[in-house]
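According to TrEMBL, the protein carries these features:
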| type | residues | note |
| --- | --- | --- |
| BINDING | Gly18, Ser19, Gly20, Lys21, Ser22, Val23 | ATP binding site |
Amino acid sequence: MKQSDRYIPAVGITGGVGSGKSVVMEILKEEFGAEVILADLVAHDLMEPGAASYEQIVEEFGSGIVGADGQIDRPALSRIVFGDAARLERLNAITHPNVKKEILSRIEHFRKEGKASLIAVEAALLIEEGYEELLDALWYVYVSEENRIRRLMDGRGYSEEKSRSIMCQQLPEEVFRRHCSRVIDNNSDVESLRAQLKAIFQEEKWQ
């Protein structure tokens, strides 16, 4: 069978803040031949002039958020929606469907290209936005609460209070485990991550 004839699975990588999802994505890309799609970067691309979200956002929030260069002033937009649940919900109602549509388009493109071993998608709200219906599987990157707080404090300079505040707004561990078919334990080091991912690829015969 030619590589281009093989069905390329698309999996979602999810987990709480500080769990190391970006490290998993990097290893999948650099060492296992995966194509990666980061929802945050897709959302950024779609806010460029002429892209899917641009006109809708400007129409909703006014031309005052557009800088002299024609770009959306993201800090200005953030100030508008910060602390205003209704306006944040409206922004999400614009951006999330566009992001999902673009992610599906990119998955289709990578499948037609036929070069990747796997397509990995990282998004903050994979479960909440119903991505499990669109992807072949969801993987949960698990790190204990204690280790996540330590990593956020050491790596991002967050206080323990801020770390806990963010974590309290996210899904609890049991929900992640219920929706995800695999759990990747990232409490140890990068070598442990590599070993777990290698075992998955061997089991699924993706290499």
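For all residues, glycine too, the Cβ spot is worked out from N, Cα and C.
Taking the features listed in TrEMBL, we show where each one sits on the structure.
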| residue | record | CB count, 10 Å |
| --- | --- | --- |
| Gly18 | ATP binding site | 23 |
| Ser19 | ATP binding site | 24 |
| Gly20 | ATP binding site | 22 |
| Lys21 | ATP binding site | 24 |
| Ser22 | ATP binding site | 13 |
| Val23 | ATP binding site | 13 |
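Under the three-state DSSP scheme, Val23 (ATP binding site) falls in the helix class.
Same-chain neighbours of the ATP site beyond Gly18, Ser19, Gly20, Lys21, Ser22, Val23, judged by a C-beta within 8 angstroms of the site's C-beta center, are, in sequence order, Gly15, Val24, Val141, Val143, Asn186. DSSP gives Gly18 (ATP binding site) a coil state; it is part of no helix or strand.
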